[in-house]
Amino acid sequence: MDISGGNTSRQPQKKSNQNIQVYVRVRPLNSRERCIRSAEVVDVVGPREVVTRHTLDSKLTKKFTFDRSFGPESKQCDVYSVVVSPLIEEVLNGYNCTVFAYGQTGTGKTHTMVGNETAELKSSWEDDSDIGIIPRALSHLFDELRMMEVEYTMRISYLELYNEELCDLLSTDDTTKIRIFDDSTKKGSVIIQGLEEIPVHSKDDVYKLLEKGKERRKTATTLMNAQSSRSHTVFSIVVHIRENGIEGEDMLKIGKLNLVDLAGSENVSKAGNEKGIRVRETVNINQSLLTLGRVITALVDRAPHVPYRESKLTRLLQESLGGRTKTSIIATISPGHKDIEETLSTLEYAHRAKNIQNKPEVNQKLTKKTVLKEYTEEIDKLKRDLMAARDKNGIYLAEETYGEITLKLESQNRELNEKMLLLKALKDELQNKEKIFSEVSMSLVEKTQELKKTEENLLNTKGTLLLTKKVLTKTKRRYKEKKELVASHMKTEQVLTTQAQEILAAADLATDDTHQLHGTIERRRELDEKIRRSCDQFKDRMQDNLEMIGGSLNLYQDQQAALKEQLSQEMVNSSYVSQRLALNSSKSIEMLKEMCAQSLQDQTNLHNKLIGEVMKISDQHSQAFVAKLMEQMQQQQLLMSKEIQTNLQVIEENNQRHKAMLDSMQEKFATIIDSSLQSVEEHAKQMHKKLEQLGAMSLPDAEELQNLQEELANERALAQQEDALLESMMMQMEQIKNLRSKNSISMSVHLNKMEESRLTRNHRIDDIKSGIQDYQKLGIEASQSAQAELTSQMEAGMLCLDQGVANCSMLQVHMKNLNQKYEKETNENVGSVRVHHNQVEIICQESKQQLEAVQEKTEVNLEQMVDARQQLITEDRQRFIGHATVATDLVQESNRQFSEHAEHQRQQLQICEQELVRFQQSELKTYAPTGTTPSKRDFVYPRTLVATSPHQEIVRRYRQELDWSDLDTTATIDECSEGEHDVSMHSVQELSETETIMNSTPIEPVDGVTVKRGCGTTRNSNSNALKPPVATGGKRSSSLSRSLTPSKTSPRGSPAFVRHNKENVA
């Protein structure tokens, strides 16, 4: 059998390279991974990208890009529609296509290719079920062929590779050996001898054969997978389609689809296959997959030799990898972090396989004659072999000899293929060498020119080198000087260490004192607790004493209640006497009420009569006056408005005749007329106001009458007070007399006020008159000013305005007459108001005489009543004296009981005072010193820290010891010229690491010595610089002490140290 379809291309075809399509599918976590708490470290971040992490919290990620990536939630139908569905059309067009699943064991390869469900006749390649790619592809092919309505045949085969042994899963004879041979007619293809291809006609036939193959396939249970595939399988589908050619000749189109399910790579320890046959299976599986990886690497690197023959698996897939087949790879991986190494290996191989290029070619369409001829030749060949075997007249060889010839032939073919590949590789290498030679020739010319430039630069560099050597010598000397400085600092550090130990000893002593102080505080706390308990006990005793005092108070309260009842009885008796007195008083009150009612009735009648007459006269006079005045005002207003309208009409006629000349005059004249109207209207309003003021002036008369009525009401109130205050009748009578005299005085005062109000009204009338005269004057002045203005305008204007001036003069005369008329009417109104007030004054005099008569009569009656009531009050006083004597006795008894109770309470308080003294003297504890509390002391420790001498002094002495007279002893080690800067920087880089570290110690000015900063070795200043201490506010700090030990604080007043010694100053 030919795995590639067994057809050769006899016509030249257009070849185009095509990369292998690579897909990745990530399965979800299974139950085993959930049990071992394996975390997901693989993420599908896009339709084409996969990101992996070594651990869940790792920030280092690796991203792979493929043609398509499927996440854990992807379905079987999604994978098929993307990967295999496009290949079905290519198969029907006559291409050979291959799809194989690659990955670690237990990642879902068999699930993807075969599925977990058994395919049924009603199953469709588009439904959402767990059937795999193989049954979906067969169903899809049958559906497409049925819709094409062509004649076709379909044959399938199911090949298994187990422990490098081939097996036909659909064959009924297990003894048949299957071999692989290279196809001499088609380079890169193999022929599988002994593999049975079974024709199928429906989906049912295919599903039955597929189930048969699944049952015969080698599977086993491992720790990684309950049904782990222990072999590789290749499911091949060959489709022959009959179609008519251009000349009407029958043509046969052949397409082939290989669906490969590879066994997964395994780790022996993880899978639990350390013993037995499983070890051999694992070794063979891993060996074949390793060879597949090497083939992929060789194809990607375009190596001259691809190791197809090192494994039967790679020989089966030879045409699919780098051949004439359209190939797709599905890489299945696990998302758990326990399998991250295998996952990364699978992703890297799959990512590398993307670069493999195939050259897909359409299988040649064969005519019916060609097919029959091939079949006839093959039948004749088989017949001859059969006859030779029967007749035994052919060439017979020993089995060993035949085996040697076969092996020799295979080795020669293998060697020939290798030589051909080697020759091709040598040719490619020769082309590369020629290309390199041309490039080298071109670069040689460029290098020659560069060499000349380099020689010139060399001469310049030699001069620079001499200068650099000098700088290097100086730099080495400076290095030694810095080394000497470091040694001085080390000596200082040793002294500082000794001082630090002394300070730590003082700190330990202070710590011990602190612990003893804490013990003292604890003892005082315990003493406070005892005092608190004593206070609680004292509180309980005092509470008992207070309860006893409360009991005595309750007893005293009961005694007071009994006395209260006795006093209540006496009060009842007194109330009986009071009731009798009240009865007598009520009779007297009734008599007084009758007398007061009579007096009140007389006063009320008199008051009503007076009010009626006054109001009648006032209403008649006011109404007549207002009506007359309003009628006159309305008549005058109508007359004035008519006259003004007439004058305006005349003026308007004149203006129409002289419109062009009198526009400005018309506006001014209209303004004057409007002001006149406004003054007339304001005058009318003021007249209304004056009338209202006159009406308001009549109101005081009504208010005086109202006051009289209120005085009568006061009389009634006084009578009621007499009824309520019979217990002090005599005093009330005197008060009534006084009030009546006051009322008489107030009535006379009110009459005087009425007289004053009359005079005030007369004055107001005079003011109104003067106001009217003022308005008259204002009107005359306004008219005169208007006349003067109009006269000036007329003189400056046209003669046609003479008539308007005449009208204005008539209006002025009319206004004067109107003012005189208003003055006359106002005088008449003033006279009528005076008559009205005279009448009111007469009525008030009569009312006053009548009120005095009523008052005299009331006084006589009251004197009679007072005498009778005084006799009754004397009798009741004697009865009250008897009741008061009894009440006095009861009060004395109450005082005696109170004295006894007070004595008892005094005794209880003495007991409480004794308890308090006992608590203070015996129970209340005080603190007793133990003698362990530390006393105040002075801690002795170094208060002045050592410091290193100035760097200039150290360097100067060091130079004198070494007798370096060639250097300037007055210069510091940091000086360098500007011209040496660049060279010194290169020289410093050539020093050792120790030298570079030493150069990081800068020199700071000390004791007024100025240190010059250059640009060489003092560029890196850091916090380790030695600085002199500064005494500010009694505190000193040292940079050296900060870098070596914690900072120290000197007490106030400690002297600042001065550096003046050679090496160290204490």
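Note: Cβ is positioned from N, Cα and C throughout, glycine not excepted.
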Record feature phosphothreonine (Swiss-Prot), assigned residue among THR520, THR760, THR1018: THR520
Among ranges 319-348, 469-498, 889-918, 949-978, whichever one Swiss-Prot labels coiled coil: 889-918
The annotated region 'Disordered' range in Swiss-Prot, which must be one of 10-29, 50-69, 270-289, 990-1009: 990-1009
Outside the coiled coil (540-569), six or more residues from its ends: residues with CB under 8 Å to it: 887, 890, 893-894, 897-898, 901, 904-905, 908, 911-912, 915
Neighbourhood of GLY108 (ATP binding site) by C-beta distance under 8 A, where only residues 6 or more apart in the same chain count: ARG25, ARG27, THR332
In three-state DSSP terms, the structure that THR107 (ATP binding site) belongs to: coil
Cβ neighbour count within 10 Å of GLN104 (ATP binding site): 25
CB within-chain contacts under 8 A for LYS109 (ATP binding site), separation at least 6: ALA101, TYR102, GLY103, SER229, ASP261, LEU262, GLY264, ILE330, THR332
